[in-house]
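Trainee: Shown below is the structure under consideration.
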Amino acid sequence: MSGLTIVSTSSTNCLMDDTLDVLELKLDGPSESESCEQNRYNNNGTKETESVCTEQSDSVDYSSMLTFVEPAFHAASDPPYCSQCSTNHNNTYFTLSCQECLKCFETASIPQVFAIIRQWSPSIQSNMIFYIEKLISIGCGVNDYDSVSGFTLLHFAARCGSKNVGNSEMAITCIQYLLEKNATVYIRDLWMAMMTIHYGAFYNVPAVINSLLSHNSPLGFDINYGCEGFDGGSALHIACMNMSYDAAKILLDKGANVGFKNSSGLCPKELIPEEDVNEPDSAHSLAVRRMRKLLQSYEEKENVSVPNYDDVHGKALLLAMGVAIGDQVMIDDERQGRLMFCGRVEFAGGVWAGVELPGADGKNDGSVDGISYFKCPAFRGIFTPVIKISKPGAKSRSHARRASIDVDHKKLDLSNVVSKINTGRRSVISKPLCAARMYQVFNIKLGRTLCIRINQRTYI
């Protein structure tokens, strides 16, 4: 029996109502029952040790083996400028060519180094591996967050591949280094819920996409993962929207679904910008026609296959929720039915639950757009985002609506109103100012990787 490691990350985005989660499963070779230790470092560089339980059994009780580890959210800070550069307003970007700044960099904290790599400077982005190695060496977790940009190191690595500022070779070097350090390929940023592959499409860096899809993960990588920040669209949606031709080409070559619909029911080709009717021969119009021709060629030759929806994504999510197929569940704490399906679907991004209702007040028979996810009598099936289901009697995750009341809207005197947020250059924010995605990591011992949604919200 292989050892099992489950890594789960729950999160909440201040811009969205749903929550996401990363569940990482790692499948190792045979191992004996053991207890090992993993090292973490807090913001002060102090080592923290936590136990990870492993178990050898034909029937693994996951719930008894879960240990939570939270990646750090590193506070806002300025780059470690020397006293002279900090007062020189013409010196916009941090540079190691200043000997005094170099001395300050040698003792820089994690937030200060994050402040450096946020700068959109060719000298910094083209040497990203130097700064990433510095962060790891001073105790930054490989999945830790910069609370200003909302990025992890993988997101910074993907961004540094942007043309004219960074380069794709540096991006690949950084990504491979981080993956060797067990960075989570499915991890999303805080503000747009974008994975690294989405940034590869956004910045048109095909090398980043190829590196991620070639990563040796036993579960593979779902190229069609949706991004809530882009209306549930896949990386191909983002590439088409941004006219990232090279990224779209490699996504299609690697099997991206040209018929995948975002939350608004739009396919990638429908997000390609319109031509300039006044200048049909302009560079923009030619690029639009080229992109449309690319998508059309794959539509014609693609043999669309129905994915296997009975996969580990739905099973792992149900395990985390404590719910099983066939159980009675509540939908929005209003309607009760029998859970028949949980997993990814073709008609929208994310993880969905299929429920059979006791009466004929549903919408389907378990099939949508000709694809059958489960079977039930007509008009008794319904699909809902998984965050809307719960066990009967469980505490509601949504806030009860207040009764409407009459409000006397008096004229307000705003003459003395000032901002309560200090936006000065030296301001330091100890915590994100809104609900942020906090990722929690379960460690057990396995060796596979996958990303799912989870029903948990954390406000910090």
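For all residues, glycine too, the Cβ spot is worked out from N, Cα and C.
From TrEMBL, for reference:
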type	residues	note
REGION	30-50	region 'Disordered'
COMPBIAS	32-50	compositional bias 'Polar residues'
REPEAT	149-190	repeat 'ANK'
REPEAT	231-263	repeat 'ANK'
DOMAIN	343-385	domain 'CAP-Gly'
Trainee: Within the repeat 'ANK' (149-190), how many residues are helix, strand or coil going by DSSP?
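Mentor: Helix, strand, coil within the repeat 'ANK' (149-190): 20 helix, 0 strand, 22 coil.
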Trainee: Quick one: DSSP breakdown of the domain 'CAP-Gly' (343-385) into helix, strand and coil?
Mentor: 0 helix, 18 strand, 25 coil
Trainee: How many of the residues that make up the repeat 'ANK' (231-263) does DSSP mark as helix, as strand and as coil?
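Mentor: The repeat 'ANK' (231-263) comes out at 16 helix, 1 strand, 16 coil.
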